[in-house]
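The structure appears right after this line, and notes come after that.
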Amino acid sequence: MATIILGSQWGDEGKGKLSDILCQKARVCARAAGGHNAGHSVVANGVSYDFHLLPSGLVNPQCTNLIGSGVVFNVQAFFKELAALEEKGLSHARKNLLVSDRAQVNLELHARVDGLEERELAGNKIGTTGRGIGPSYANKAARNGIRVHEIFDQESFEAKLRRLAEGYKKRFGDLLEYDVEEEIARFRDYREKLPDFVVDAVNYMQAAQASGVDILIEGANALMLDIDYGTYPFVTSSNTGLGGVITGLAVNPRRINVAKAYTTRVGEGIFKSEDVGEAGKKLQDIGREWGVSTGRKRRCGWLDLVVLKYSASVNYYTAWNLTKLDVLDTFPTLKVAVAYKDPETGKELEYFPADLGYLERCEVVYREFEGWQTPTTAVKKFEDLPRQAQMYVRFVEEFTGVPVKWIGTGPGRDDMIYL
């Protein structure tokens, strides 16, 4: 059985914690899309591990971890992250790690281009992480990108890299500060170190599914950052939902969605339930809302059920993991976005609009809930939660039509209620 963990909001929902719990039984843990722009922390046995490109199943010594074909793969980040995990005691990580030979290579060139493209946008910048994810996927779509298996054909690899660099140099001129020969030299070293990790991921996943082992797939980013279904253009450059998993790994999974009990977003783009006042600052402080990858503070606001329902309609979730319920413990009153209203007609929308200009003009309809103002961190059973917290969770289920199966009440692996 293959299980996917997907984010339903704008990322940072707390997917890593559920991944850590479920990967204890998994024998394969895989990433399907994205790159080292994603980031989450896993706390296990009192140690905090940071993951960006590598699957977090590496915490389990019995689990093989695969970076799939839909990922844009940065070799330097791969070895740096692996070394950091080994320094923290994961001595088994190296032998439990595989990379698809079909994955696209993310280059230093892409990162430099990413920065220049953001500069071109000036006041309309996307707010990328600057890791070159967009340019990598752009090269993939243009069919002039470099795949992992091509690293090992030195002549072909170097010729393709020089052509890419020349093309960008024509576009940006002296603004592009990049030495192609330095990058080529780095890959001569990688060419010696990388072969033991590279596999045909299609055959590997086919064999794993046929064997009947538990497979866990970690979704990166989240549905509202999806290139097709997110708040375009303020999105990432890959399919972050179910479609990206299917193409990135070729699996037939069940789908677990992870959502915070409130809402956050990093970078630019529309965020209808954002609170820029006292409540938003309080959520940011209590929830420790700053990014693992960039350190940027996350924008915070109330739970937006319009977003969650839309996300569920795209990804066909089978269950929710509602995270960070404990962050709401001290709020006397909670607000939940339940509809968007057309400012001219006053009618509530029955859909999440693609037109961001129109969405920006829409008003948010909130429902207020009484807060519980009591700690939930030590609670292990749903029936032991305060009545108001139970009502909050049940309303999420009722509104979205998807059952809540896990509730996060703290950062630790054991801070989870199972329903």
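Cβ atoms are placed via backbone N, Cα and C, with glycine included.
Marked as active site, proton acceptor by Swiss-Prot: Asp12. Annotation for Asp12 (active site, proton acceptor): spatial neighbours His40, Lys260, Thr264, Val266, Glu289, Gly291, Arg298, criterion Cβ-Cβ under 8 Å with sequence separation of six or more. DSSP assigns Asp12 (active site, proton acceptor) to coil in the three-state reduction, placing it in neither a helix nor a strand.
Around His40 (active site, proton donor), a 10 Å sphere centred on its CB holds 24 further CB atoms from the protein chains shown. Residues annotated as active site, proton donor in Swiss-Prot: His40.
Positions annotated as GTP binding site by Swiss-Prot, on the basis of sequence analysis: 11-17, 39-41, Arg298, 324-326, 408-410. In the three-state DSSP classification, Arg298 (substrate binding site) falls within coil.
According to DSSP, Thr129 (IMP binding site) sits in a coil region rather than a helix or strand. The annotation IMP binding site is assigned in Swiss-Prot to Asp12, Glu13, Gly14, Lys15, Asn37, Ala38, Gly39, His40, Thr129, Arg143, Asn221, Thr236, Arg296.
Positions annotated as Mg(2+) binding site by Swiss-Prot, on the basis of sequence analysis: Asp12, Gly39. DSSP assigns Gly39 (IMP binding site) to coil, not to a helix or a strand.
Within 10 Å of the C-beta of Gly295 (substrate binding site) we count 8 further C-beta atoms, all protein chains included. Under the heading substrate binding site, Swiss-Prot lists Val292, Ser293, Thr294, Gly295, Arg296, Lys297, Arg298.
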Which of Gly11, Gly14, Gly39, the listed binding-site residues, has fewest other Cβ atoms within 10 Å: Gly39
Those binding-site residues of Thr129, Asn221, Gly295, Arg296 having Cα within 10 angstroms of Gly11 (GTP binding site): Asn221
Lys17 (GTP binding site) and Thr294 (substrate binding site), Cα-Cα, nearest whole angstrom: 19
Spatial neighbours of Gly14 (GTP binding site), counting only the binding-site residues Asn37, Thr129, Asn221, Gly295, Arg296, Lys297 and Cα distances within 10 Å: none
